[in-house]
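J.: When I checked TrEMBL for this same protein, it listed these features:
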type	residues	note
DISULFID	Cys3-Cys30	disulfide bond
DOMAIN	3-118	domain 'CUB'
DOMAIN	120-216	domain 'LCCL'
DOMAIN	223-380	domain 'F5/8 type C'
TRANSMEM	443-468	transmembrane segment
Amino acid sequence: DGCGHTVLGPESGTLASINYPRTSPNSTVCEWEIRVKPGQRVQLKFGDFDIDDSDSCHSSYLRVHNGIGPNRTEIGKYCGFGFQMDGLITSKSNEVTVQFMSGIHTSGRGFLAAYSTTDKSDLITCLDNASHFSEPEFNKYCPAGCVIPFADISGTIPHGYRDSSSLCMAGVHAGVVSNTLGGQINVVISKGIPYYEGSLANNVTSKVGPLSTSLFTFKTSGCYGTLGMESGVIPDSHITSSSTLEWPNQTGQVNIWKPENARLKRIGPPWAAFISDEHQWLQIDLNKEKKITGIITTGSTLAEHYYYVSAYRILYSDDAQKWTVYREPGMGKDKIFQGNTELYQEVRNNFIPPIIARFFRINPLKWHQKIAMKVELLGCQFSIGRAPKITLPAPPQNKNDEKNAEFMDDFIHSVKTSLQTDKTTFTPEIKNTTVTPSVTKDVALAAVLVPVLVMVFTTLILILVCAWHWRNRKKKTEGTYDLPYWDRAGWWKGMKQFFPTKSAEHEETPVRYSSSEISHLRPREVPTMLQTESAEYAQPLVGGIVGTLHQRSTFKPEEGKEASYADLDPYNSPIQEVYHAYAEPLPVTGPEYATPIIMDMSSHPSTPLAAPSISTFKAAGNQAPPLVGTCSKLLSRTDSASSAQALYDIPKGQPGPGSADQLVYQVPQSVAHPTVSKDE
């Protein structure tokens, strides 16, 4: 009573303890007798081993014997939690006995093992998945019996299976190996996908799976194309049935669910049998022998008619007279295929080995409400090679001739049946329906060059964008009142037209500087002050002109420096405390700038004492200009040389009107009505 999941095939199989992978019950025992073909030996591999060893394998253990019966000999006795057995256990004959004993224990999953003949050196167990192997492509042998209830798979063909899925169980689902026979699988690892679909195929349900880093699929022979039900290659006349459902609808119109309606994915009603019993069938004539590798079925696909077939048999024939029920090799009973579990889902079943026949018949055994279905066949073309031309003798004349004729008939029949068959399928041979092509040197070179070219083009684009951005930013740095870049050199000449012209008499009066002021100049600034070129300075702006020009500077900037109204005010510059740009010395013959404007004040009333006049002079040092309560008297200029000593406002802190040598400021006070006149 200690036997769990068990499938013993002719060349391979799977066996497990009771309740695996849960804890096995106490005081149970099970023995498996394994036989393979004579002349071969058996190899045993454990996928999981977890047996209590608290009593040193006395009451709980697994024992393997050579042979069966009383003459068997022990190969080994094993126990332990999480026991890792390296390699395979190999018998000396074609028979092996495996004995499991479970004593009193509180934990331990038991074991799961697989066996095969020794010629299958790449044997794996039903618990192995793709993550156990690092190779991108490999071949393994799956034992029979890997459709186990405690293993899961996610995915389907042609998209592939999640890497956590059992390799052998996925192989059964994909139709590349049989659960009752086992077989070889060719696995290819690829990059994972975000979502794995679920489906029902070969009595294995694949679940929906999430994103994984990798997936795997199988290389196959490629004989999995559709044979013409959906596409219409098979004509309606080649689709027949045992009976047809006919019934009137509410309007009195008769609905006939004919056999030609049994085309997969065809919109409308399916084929349905008039009587629902085990003697109904749907027959398809393929016109000639074909290699049939699978079948896909659905229910009625009509929500108001919840009909489908849940189990069926397959029969095939070459002449539609003698029928053969499909059976798996080595099995003594008909194979029952699992059908649909609802009316919409497509369910696939594969034939291993494939069926070679012209006529194909489906015999429903179980159904829901009524027998109704749609079908598509999978496979490829198949043809028999031409037999050599045989010259038959003349009709027999006696008994000996009759015997010779019988012999010739048998010979011809044996020649026809012994001819090798080849595949002449017109569908493309798909070596691998899900895996990307193998990587070649050209692909590897492209994988290197493409990223490099992308980086180069990206760098060029970034450089161009940065240059454009820098150019726009440079333009924006020019102030709202700044001059254009191309017009800065001649801005002064353009401004001269707004200034009053100089009078000829002003050119005769020299400008004197104090020796203390000259001494404060830097050495590099002295040549600038002593330049002999004539100055192109206009008179100071007075009254409304200043307001019109928004009080811009009327003096020529220093050489080599770009003029801009955004520059710092030279009056407030801490570096130039004494020397100012408008106080450069001029040659004796040159015109003077900052000449006082002679105003006629005789016709104007005196400024009230409460309205102080504003001085335009800057005091020596950092002192503020004085506020004088009375209007200063302006003296007119005379033609004499002494007229140069005109009286000006004296900044606060000066002793009084001194000599001309001590005259520092030469800009007159602003007046309300700047009227220029020679007479006082």
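Note: Cβ is positioned from N, Cα and C throughout, glycine not excepted.
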J.: Which residue, of the disulfide-bonded residues Cys3, Cys30, has its CB surrounded by the fewest other CB atoms within 10 A?
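T.: Output over disulfide-bonded residues Cys3, Cys30: least Cβ neighbours within 10 Å is Cys3.
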J.: DSSP says what for the domain 'CUB' (3-118): how many helix, strand, coil residues?
T.: 0 helix, 61 strand, 55 coil
J.: May I have the DSSP-based helix, strand and coil counts for the residues of the domain 'LCCL' (120-216)?
T.: 11 helix, 38 strand, 48 coil
J.: In this predicted model, what is the average pLDDT of the domain 'F5/8 type C' (223-380)?
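T.: 94, rounded to a whole number.
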